[in-house]
Amino acid sequence: MAGEAAVREQAETVRRLKQDKADPDEIAQEVAKLLEMKTQLGGDEGKHKFVLKTPKGTRDYSPKQMAIRERVFNAIISCFKRHGAEVIDTPVFELKETLTGKYGEDSKLIYDLKDQGGELLSLRYDLTVPFARYLAMNKITNIKRYHIAKVYRRDNPAMTRGRYREFYQCDFDIAGQFDPMIPDAECLKIVYEILSDLQLGDFLIKVNDRRILDGMFAVCGVPDSKFRMICSSVDKLDKMPWEEVRSEMVGEKGLSLEAADHIGEYVQLHGGLDLIERLLQDPKLSQNKLAKEGLGDMKLLFEYLTLFGITGKISFDLSLARGLDYYTGVIFEAVLLQQQNDHVEEPVGVGSVAGGGRYDGLVGMFDPKGRKVPCVGVSIGIERIFSILEQRVEASEEKIRTTETQVLVASAQKKLLEERLKLISELWDAGIKAEVLYKKNPKLLNQLQYCEDTGIPLVAIVGEQELKDGVVKLRDVATREEVNIRRESLVEEIRMRTSQP
C-alpha cells in the first residue's frame, strides 16, 4: 500500500517535471504512477473524476460516418485490385529497432510501448517500413501488394484537417527489378484514378526526384552532411513562404546565404517536359551525375504519363522534397487545388491527399546480406479525403443509408410472428439482406415508417389470405405500389428490384 508521504513525494516529482518542461511521455508516466498510488491509498483522495472521452488525436465513427468511409475504401480497393495487387497484413506493433532510423526527423513521433521486460516494441508509424521488413524476412523479391490498416503518430493533431494520432493508410506498392519508370508511372495513374473517382474537385500531382534534389543541393554548395536537414526545410515550402524556409536553412541549420539563395532559384521552378529539357541543358545541373540520371528518368516518366493521358494533372515541381529519409528516386504528392462546395464559405484546408515515391534501399537495410529489392509505392490519405466528404455530406444534407437491408418482412394482422420468421429465414438462406421488427404484433404503419426512416426499399407483407394463396405482397416503399408475388419467385423478384444498375 502506498503511504500518504509517498503520494506527496510523487506529487512533488510530477510538479517538478512540469515546471522543468520535461518530456510529455515522462510526465504522463509519473502522473499515472501518482494516480495509482492515490487509488491504493483509498478514501476521497483516491477518487479522481473519470472523463468520458476518446484519447487525444483519436475519434469514434458513427454508422453514418462509417457508411461514407466504406464508400471511399471500396473505391480505393477496387482500383488497387484493378491494377492486379494482392493484399497483406502485418502486426500493429514492430520491434523498436525495426522502425528506428528510417524516418529522419519524424522519428520523434514514433509511439514507443512500455517496456514489459520482454521485447522493446513500438506502434507502426506507416505501412512502408513493415512492408520492407516483410519482404526481407520472407526473401520476397517480386510482389505487387496493397495494405490498408491503422498507423500511429505522436503528432500534434489537427482533427478538423484530418490529422490524427491514429489513422488509416491505404498503400499500394510494386517491389521488384523492372525497366525504369513503368511501375512509377502506374502508381501516378492509380492516384489519378482514385482522386477522379472520388470526385473531390480539382487536384494536382506534384512530382520530383530525390536524385535531382541531391544533385541540386550539391551544385548549390550544400555539404553532404546537411543534405537531409536541408531537404526537410525544402519540404516545408508548401506550408511556409520561401523567405521563412530560407531563414530556417541559414539561421537554424547553418547553411551559407549564398547556397540558400542558389537553392531558391531552383526550388521555385515547376512545369512539365519543357522544364525537364531546360534543366538537362542547365550548365551546372547537367554536370552532376545524380541530377542528370534523375532528369533522364523524369523525362521518361513524363513520356509514359502522356501515354496514360494524365499529364494535365501532373506538375514537375522542384520544391517537392517529402521528408522521409528512405526515398531514393521519384517522389510525388497529390494536393487538392480548391474545395468545390457551394455550401461551405471557407474552403477545407486539407494539405496533401496522397503521396509516395521510390525507395530502393529500404529492404536492403533489413536483409542480412544487404540484398536490395527496388520498390515504388503510393499512400492514399484516407482521413483527409474523408474529412472533405463528411463536410460535403453535412452541407448538402444528403441522406446516407447506414444499412444495406433490401427488404423488411412485415405483417398487417396479428399472430403472424411465426410466418414472418419462417419467411425471413428463407430470405436470409437465399442471401437476401432482410430485417424484421422484434415485436409479436407490430402495427403495419410502424413497420412502413421504419422502412422510410432507414431507407429500406421493399416490404414483403404476409397475411392470412396471402398464405392461403401461396403469395407474398411486395410493396415498393417509394412508390407505395403493391404486387402479389408467388412465394417461390420472391427471392428472384427482390434481387431484380434491388440490383445496382
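Glycine too: its Cβ is placed from the backbone N, Cα and C atoms.
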Region 'Disordered' per TrEMBL - which of 1-22, 23-44, 331-352:
1-22
Tally of residues which DSSP labels helix, strand or coil - the region 'Disordered' (1-22)
16 helix, 0 strand, 6 coil
Arg322 (L-histidine binding site) CB neighbourhood, other CB atoms within 10 A
22
Local confidence of the domain 'Aminoacyl-transfer RNA synthetases class-II family profile' (57-389) - pLDDT mean:
89
